[in-house]
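Before any comments, here is the structure.
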């Protein structure tokens with residue numbers, strides 16, 4: 001369970017996360033939605049101890065992320081941020097293998113190698129495994145990063161905009177894999193997603209943020225309502241039931 | 001991509017062994033294998049007092065400087081930021097000058113302590129500046145570093161001029177192995193030990209090179225690892241400057257050549273860089289010894305000529321070879 005209590009983060013006079021309290025129960029997929037600048041990514045970074053909060057606490061299974069040793073937390077929780085500029089020349093396989101670093105240090109066991117191969121296969125990277133990251137397209141790189149995070153094999157997986165740079169096919173596949181990570185492997189996945197329809201089709205719970213605060217949290221059905229979406233995005237979004245999912249229509 | 005194979009290391013080591021053996025017999029004093037086998041006292045003395053120490057110094061300096069460059073460029077995330085382009089070398093030289101002013105020319109330990117202290121100060125100052133820079137251009141960052149080194153070099157020059165030490169300064173800065181004798185190079189073992197320490201950190205360095213959030217996610221203490229790497233590079237540079245002087249280009253071109261071929265996983269790149277660095281410096285030193293025999297050209301001059309040529313080739317063909 002991830003428990004967030006009164007977390008606040010300010011940059012100068014701007015409060016980007018404003019006394020957020022939130023509980024994310026184990027299992028399932030939780031999507032955090034909100035307009036640009038709503039504080040979603042900052043909140044995710046605070047939960048994953050990438051940036052410190054100015055006030056408040058975050059605990060993961062009772063471990064305070066601000067004080068728990070990094071290497072211990074790295075076996076419980078994995079995070080992938082949105083913008084990853086990497087000038088390092090590693091092959092896809094080398095990068096994915098570093099997902100095992102929290103478990104095995106640099107010395108990979110036979111089991112580690114299995115997991116690496118599994119993660120590479122899972123994200124259809126077999127043909128690219130020995131290519132350097134800088135020789136890949138943005139979408140391929142994104143898949144390699146997520147494969148590394150999967151390879152880390154943590155109970156909690158936090159992904160900031162995992163659909164970045166992905167085309168439609170790979171975006172759908174990514175969300176299905178995320179779903180399966182929760183369903184088949186029992187992981188707790190927290191996503192920041194821009195596209196509300198991906199959030200609607202693939203998550204159990206949706207958390208809506210606006211101006212640094214959580215304004216609503218609930219099941220997908222509860223959250224996919226025009227009144228609520230209007231409050232989140234300042235936009236009229238019609239919600240239709242299509243193929244068993246609630247789809248927001250906002251294109252015209 | 002090429003992978004590091006065992007035979008690469010074996011071939012490299014074999015080449016190094018051949019060159020090393022040859023280097024023992026290159027010099028003005030007549031030293032022959034036959035003489036050695038006969039146990040002629042003169043020959044044995046030349047070998048033990050001069051040739052062997054020189055060889056060991058070359059291997060240690062070449063290895064350590066290239067590894068220092070590799071670690072620094074990897075942690076800074078810029079292939080052109082190395083001890084010679086971040087003010088580290090110049091700071092160390094300044095330290096040697098200050099030590100000489102304060103404690104006289106003979107106190108080697110004081111010199112080294114000062115060189116290390118100044119190298120650390122200079123390096124961390126430049127890193128602090130780097131964090132505040134708004135431009136992150138691949139070429140502008142090392143350019144800023146070279147300018148910073150230039151300023152320190154100018155200050156060093158000024159102080160040396162005032163203290164009437166310009167000639168000594170010239171002697172220290174030009175890296176040269178001809179003065180290496182038994183009893184005058186042993187500090188370099190410190191650089192060797194620090195290099196070995198660097199290998200133990202290789203995986204953590206690689207992870208830190210992935211960037212702050214990747215490193216933290218993987219449970220690596222990012223700031224600590226980066227600082228460790230920078231200290232390592234500064235200490236190595238300072239020790240080399242104190243014992244043999246500035247050896248230009250090694251820390252810049254050797255790691256670049258190696259990582260272009262093998263990638264940036266330091267577990268493989270680091271030993272390969274160490275080996276290549278030793279080979280490169282040894283080759284340049286032998287060249288300097290034979291080109292105008294019986295006179296010697298300092299290794300820094302040879303390195304300057306060959307190094308700049310290689311560097312320009314790297315820059316020119318850099319894009320093609322994946323060096324952005």
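The backbone N, Cα and C atoms fix where each Cβ goes, and this holds for glycine too.
Note that TrEMBL annotation is computational and uncurated.
Listed features, source TrEMBL:
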type	residues	note
TRANSMEM	B:6-34	transmembrane segment
TRANSMEM	B:55-76	transmembrane segment
TRANSMEM	B:96-128	transmembrane segment
TRANSMEM	B:140-163	transmembrane segment
TRANSMEM	B:183-202	transmembrane segment
TRANSMEM	B:230-254	transmembrane segment
TRANSMEM	B:266-287	transmembrane segment
TRANSMEM	B:299-318	transmembrane segment
- Under 8 Å, at least 3 Cβ pairs, sequence separation 6 or more: does that hold for the transmembrane segment (B:230-254) versus the transmembrane segment (B:55-76)? yes
- Mind pulling out the one from B:6-34, B:96-128, B:266-287, B:299-318 with the most Cβ pairs under 8 angstroms to the transmembrane segment (B:183-202)? B:266-287
- Cβ contacts under 8 Å made by the transmembrane segment (B:266-287) with residues that lie 6+ beyond its boundaries: 3-4, 8-9, 12-13, 15-16, 19-20, 22-23, 26, 54-55, 58-59, 61-67, 69-71, 74, 177, 195, 198-199, 202-203, 205-206, 209, 247, 250, 253-255, 257-259, 297, 299, 302-303, 306
- Per the Cβ filter (under 8 Å) with a sequence gap of at least 6 from its ends, the transmembrane segment (B:55-76) is approached by 16, 20, 23-24, 82-84, 86, 88, 127, 130, 141, 175, 177, 180, 185, 188-189, 191-192, 194-195, 198, 205-206, 208-209, 225-226, 229-230, 232-233, 236-237, 239-240, 243-244, 247, 250-252, 254-256, 258-259, 264, 266, 269-270, 273-282, 285, 299
- Item | Within-chain partners of the transmembrane segment (B:96-128) [C-beta distance under 8 Å, separation at least 6 from its ends] | 76, 83, 86-90, 145, 148, 152, 156, 159-160, 163, 165, 168-169, 172, 187, 230-231, 233-235, 237-239, 241-242
